[in-house]
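In TrEMBL this protein carries:
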COMPBIAS  632-641  compositional bias 'Polar residues'
COMPBIAS  654-665  compositional bias 'Polar residues'
DOMAIN    429-527  domain 'Vacuolar protein 14 C-terminal Fig4-binding'
REGION    581-604  region 'Disordered'
REGION    627-672  region 'Disordered'
REPEAT    92-127  repeat 'HEAT'
Amino acid sequence: MADAHSVVPASVLRNLSDKLYEKRKNAALEVEGIVKQLAALGDHEKISAVISLLTTEYTYSPQANHRKGGLIGLAAATVGLTSEASQHLEQIVPPVLNSFSDQDSRVRYYACEALYNIAKVVRGDFIIFFNQIFDALCKLSADSAANVQSAAHLLDRLVKDIVTESDQFSIEEFIPLLRERMNVLNPYVRQFLVGWITVLDSVPDIDMLGFLPDFLDGLFNMLSDSSHEIRQQADSALSEFLQEIKNSPSVDYGRMAEILVQRAASPDEFTRLTAMTWINEFVKLGGDQLVPYYADILGAILPCMSDKEEKIRGFARETNEELRSIKGEPEEAFNVGAILSIARRQLDSEWEATRIEALHWISTLLDRHRSEVLCFLNDIFDTLLKALADSSDEVVLLVLDIHACIAQDPQHFSQLVVFLVQNFRIDHSLLERRGALIIRRLCDLLDAERVYRELSSILEGEADLEFACIMVQALNLILLTSSELSEIRKLLKQSLANAAGKDLFVALYASWSHSPMAIISLCLLAQLLEPGRYVWLLKALYGLLMLLPQQSAAFKILQTRLKTVPTYSFNAGDQLKHALSGNPYSHHGASQITEDGNKNLNNGNVQNDINFTSWLEQFEQIQRQHRLLAKSQAQSRNNSLLKDGPKAEEPRQLPTSNTNRAVSRSSKRGPG
């Protein structure tokens, strides 16, 4: 091994570590000359010895001035080598890179200056050190010393020039380093990274677009940076990449779609807007390639349908329609269950527009993939039922449309009605607020008679008598007043004339018996709502009038209505007279009713076999159960009052014979 001390004079070595810059500079010039002479002689062994001396005794010295001299000496040796410097770079570059992390800012500055001079000489030959140089520059871009930052920027520009003209640069080796650095939050580092991404993307031979998924998330991170300049630079870079995507025949949409979905939920408005812009373009461009990511994309779109920013809402609506036009199939990785899960989750959104669109998606899936949706029915059914209590009427109507679509199958129809009754039982306020809307809509979408028969069948065996009474009263009011049930009313009016009407009357009777007023309404509807034919309606109404307190509003309303009944609406003037006289069967042309309650119709001799005596007994039996319940509840309240102590004068005990009447009269929520 050659001795460098025999080649480099002691005075040069001494000046190389002098505290004065001029002396160090002059010593470096002499080192340059010495190396140039050795290169001319081809004595690379001595050149290596000189470089080794500069490295071990200077750049790695504990003395700052020695380290400065070593760096300027290595740069001088490289200049002296000129075209032959490449074979010594393995010795020269590592100690310079090591100096970038020196604790002395002046040493770091000289390291930048030294590498700058080295790079000017070797140009593309130092590309083999690019990752280490890039890593060092990345750190120096955020250096605490302004002069070091300035020197690093000069070096950075030179390195960029060298890379753009080099054919040895490996983007594959560089990308992992870039991806790692993209998560750094320092604004100077972010500017440095965006600058490199932009430069590399401008090189025709470097395919940055192919590696975009590796650093796309980092660019989106920068959109919410506190620095306006960084946000602009990141947005500019993203815009350029999006344009390239539009013009590229081959793009990896999938990996980027996953990133965009996450960014669409960013708390930063600008980030959400940019993400939705990209998703919108992806759905238009990617088409079938995005089928495996269908659910994820939908999960990003639905919340944005209710974004506070109109531009974001606009992109979300447009993208939603584009996505709906992609008709994927399960065998093409179209995951019906995943999409249903997304839609179900969004039904809990606080925003009405999102809930509405989630329901539209469920409806769309039912239309296109009914059998697959029904396989997941247990996963979504409870949520759909809860949605019936939604604050939005539009949401409730859409939910009912979906329920009606599901209920086209008999087993699902029964399940729907059972669950509906259960929800009304659990939440009486739902029945009060939404009951009429829900039942009327179902009657409109499904067969009204079928709905009422199923409800009646369930309520007939209802154990909660109080709820049964409330529910029947609600159903009865809907039956009497809703346009959706006009056909049922027509059919019930024919209860005594044909078998279909009689069958419906019988189907409703048992459950309607939970409410005396409901059963009276049903009977009047079935028999007496044609005063020209059945004048007994008037007698029944006059009877009710006599039962009402004369000063009550109900008495006055009914009395006023009875006064408006025109006498010419009857077949004969004496028909009303017969009705009020108490002889219901004396008028010719009326139907004859036998003592056992059976009615013989004289028009066509149709025999109606309704056993009114039997049905009356059933009504009385059900009402006895209600009275027993009311009595039990009253007794429980009395016991509770006695236990807690009297707070007011106790009511006088009623006579035993009047107990039922008193309970019936005092219980507002009981039967009648």
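All residue numbers here begin at 1 and follow the chain in the order shown.
Glycine is no exception: its Cβ is also placed from the backbone N, Cα and C atoms.
Nobody curates TrEMBL annotations by hand; they come from automatic prediction.
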Across the compositional bias 'Polar residues' (632-641), what are the DSSP residue counts per state (helix, strand, coil)?
10 helix, 0 strand, 0 coil
So, by DSSP, how many helix, strand and coil residues make up the repeat 'HEAT' (92-127)?
31 helix, 0 strand, 5 coil
Over the span of the domain 'Vacuolar protein 14 C-terminal Fig4-binding' (429-527), how high is the average pLDDT in this prediction?
91
DSSP-assigned states of the domain 'Vacuolar protein 14 C-terminal Fig4-binding' (429-527) in counts, ordered helix, strand, coil:
84 helix, 0 strand, 15 coil
